[in-house]
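For reference, the structure discussed in these notes is given below.
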Amino acid sequence: MQISDHMLRSFTITALAYVFLLPLVSCSPHGEIISNHTSIKENLHKTSPQMTSYIAVHGLILWVSMGFLMPVGILTIRMANKEEGGRRVKVLFYLHAIFQTLAVLLVTVGAVMSIKNFENSFNNHHQRLGLALYVAIWMQALIGIFRPPRGNKRRSTWYLTHWILGTVISMVGIINIYTGLEAYHKKTSKSTGIWTILFTAQVSFIALFYLFQDKWEHIQKQASHPPLPSDQENVIVVTQRVNQKVMLPQPCAKRNALTNLFD
C-alpha cells in the first residue's frame, strides 16, 4: 500500500509538471527558434564588411567587362569595317578579339563570385538579367570563334546574327549595371549616386563616339571638296552650255545653204 501511494504521488507530480511546463515550451517551438536564428545570421551576413567588399568587387568586374571592354570592342570592329585593308585592319580586328575575350573572362569571374558568395534566388531583375547575359555572352563568343570564311553562303547570316546579338548583349549589359547599382544600394544602404553619374558619363561618351564614327568620313570629305558654285552661277553655266549646243550647228547650216546656191 505504501508503494502504491508513493507511485501515485510521483505520477501526479510528473503529470502536473507536464501540464504547467508544456504551454511554456509550445510558445517557443524548435522550428521558430531555428528560423529566427537563421534570419539573424543572414542579416548579419548581408551587412558584414566582407560581404560588402564582395559585392563591390563583383560590381567593378562587371562594370569593366560589360560597361567598358565590350562597347570598346564594338567600336574597334566598326573602325576596322571602314578601312579598305592593310595592317590597320588586322590591328583593329585583333584589338576587338582581345577586348571581347577579356570581357568574357571577367564576366565568368563575376559569375563565379556570385554563385560562391551571394544568395542566388533569382527573385529580382538583376540576377535574372545576369544569368541570361552569361549564357548569351558565351554563345556570342562561340559564334565569333566558329565564323564561316569570306565568300561562304552562310557568311551574311553569321554576320547579321553576330552583330545583332553583340549589340543586344552590350545594351542589356549596360542596363544590368544600373540594376546592380540599385541592388547594391538596397543591400548595403550606401549611396550610389556618384557611381551612377560616372557610369552615365562613360556610356554617353561611348554613344557619342559611336554616332560620330558614321559622320567622320563625311566631315573629312566636306573639308577636302572645293566650294560649290552658287545658284546664279549654275544657271549661267547651264545657259552657256545650251547656247553652245544650239549655236554650233548654225555654221554648218549656212555652209550647206551657200553650197546649194552655187550648185
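Heads up, the Cβ atoms here are built off N, Cα and C, so glycines get one too.
The structure displayed is predicted, hence computed values, not measured ones.
Summarising the annotation, TrEMBL assigns signal peptide to 1-27.
The domain 'Cytochrome b561' annotation in TrEMBL covers 18-220.
Here the transmembrane segment (51-70) has Cβ contacts under 8 Å with residues 45, 99-100, 102-104, 106-107, 109-110, 113-114, 117-118, 130, 133, 166, 169-170, 173-174, 176-177, 180-181, 184, 187-188, 190, 199, 202-203 of the same chain, all six or more residues outside its ends. The transmembrane segment feature in TrEMBL is assigned to 51-70 (among others).
For the transmembrane segment (91-115), the list of distant contacts is 54, 57-58, 61-62, 64-66, 69-70, 72-74, 76-77, 79-80, 83, 127, 130, 133-134, 137-138, 140-141, 144: same-chain residues at least six beyond its ends, Cβ to Cβ under 8 Å. Residues or ranges marked as transmembrane segment in TrEMBL: 91-115 (among others).
Sequence annotations record features per position, and here TrEMBL assigns transmembrane segment to 127-146 (among others).
According to TrEMBL, the transmembrane segment annotation covers 158-181 (among others).
Residues 63, 67-68, 71-72, 74-75, 78, 174, 177-178, 181 of the same chain sit 6 or more residues outside the transmembrane segment (193-212) yet have a Cβ under 8 Å from a Cβ within it. Residues annotated as transmembrane segment in TrEMBL: 193-212 (among others).
Tertiary proximity for the transmembrane segment (127-146) is limited to same-chain residues at least six positions away from its ends with a CB under 8 Å from its CB atoms, namely 62, 66, 97, 100-101, 103-104, 107-108, 111, 114, 120-121, 158, 161-162, 165-166, 168-169, 172-173, 175-176, 179.
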